[in-house]
């Protein structure tokens, strides 16, 4: 198992390098000029100096190497300095956004909590709803509950978040007026009332994102439970006289969770992708909104860093899913 | 002495596809999905001939109207008929969905068959598939739209340029599941006796793929096709919704939804139609794919 984990970790390095190269080369083709916003009165030689200051003078491979160093070496140092008060990153050049002229990671750190709160909460809520639905519809296969569950999950799977988003806004904000439909990111939670407000403004984005999660995971949960319910060990457990509750919840559920846990790990990066749209709908000021803003403003360092972070999440959670599968299911031996 | 003519099968010969069709007919959800999808496609492509209003016709005096007899879905802020715009938008959305699906499908089948059939190419091609699967699709699509929109628009015109761009972008980012499924099926097929028999009478590789492999992997390809349409329609609408799709005056369902959200407070009902159209199309195609998967699986068939 350990050798497998190490081998996968080593394999992840060229994958990530390749992805960062693909993103870099794609952005290399960008027609936009970072100097386009500079007034025409600025003489060309000054413009050329500004261009050099942004690090655009060097050939392609050197810029790629510099970005790699900044992202993988300087940024971790900054993080280390921040926590331990050391000064390793003193005076070193970080990945600078063309839009704000400040380090990209500073903006990311500002915005990440919003995304994590909404995305993380919706994922947890989605899983908590999906697992009981999956268990019960497998236990009573082809019952009314199962048929209804299949239909509802199919709907949840088919309705895109950019429709459910406006739809819940129309119903709950415009018609009923229960929840605010713009997410206030400057809101500070310091007492009970502000906590309630925070909850109220989070309900709708969380609901929209959780709908997709629920649809997918309850399908997997149902299929996995069905696989296990007809196994011999279930008959044995019933023959021993165990109560139905214990058979389903302890024996079957534990075995059925193995593939579901991997699916949960695999689905997390996709949720971040879906959050881009949900953030746009509810005006949540998270990293998805940052990416869209950077794309529209032609801010290539930010776009590259954020896209790479999304790729990193996918590779990382794939790795976790593989390793978890091996740990949870002793029948699976990768070596 | 027994009469040899009696041993002849009495039933007429039934092809595999007749069996599949019988099974599919029994699947109510799939039939409903198929019918709804056909109705939507026909309505969207034939409807504009029957409907008197043009999607781009501006009647400023009739702006912001609710549903009426003349305009069943109402009109937008410039007085354009929403039903006409829905039909025009549907043409684009469905055309993008179908073409992108075809591109993804042919890419995926090509990679899958090549990887499964030629052992030497299996490793590299599957690593490539893994790499593509690790790419963050939505951010990358957004980046591609940003980079190539202007050059392509100026080369072949704004609408056609973006059509080509969206189709290619969706196509090359969604072929991987098809490739994996097809490869698995080809690997299993290669061990079968009829392949050995074909090989032993000297069938060339290209004939082998055309006559023996391709017809037998058609069923997973068809299931991927239905799911591919749904995926492509959703992706196109998402791009249009984020404002990185077709130009603003060019209706697609995603674009209409985006326009409608800007008037959410005053005219919330406008969000409903394009959203319903997208959801209904995707839902019907998904149900069709679900039924098709059951019908094409011989282990389930006949139950």
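For all residues, glycine too, the Cβ spot is worked out from N, Cα and C.
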Which stretch, out of B:213-234, B:235-256, is listed as transmembrane segment by TrEMBL? B:213-234
Checking distant contacts: for the transmembrane segment (B:161-182), what same-chain residues at least six beyond its ends satisfy Cβ-Cβ under 8 A? 92, 95-96, 99-100, 103-105, 107-109, 111-113, 115-116, 125-126, 129, 132-133, 135, 137, 140-141, 144-145, 148-149, 152-155, 217, 220-221, 224, 227-228, 231-232, 235-236, 239, 245-247
With Cβ-Cβ distances below 8 Å as the criterion, list the same-chain residues six or more beyond the ends of the transmembrane segment (B:130-149) that contact it, or say none. 161-162, 165-166, 169-170, 173-176, 235, 238-239, 242, 244-245
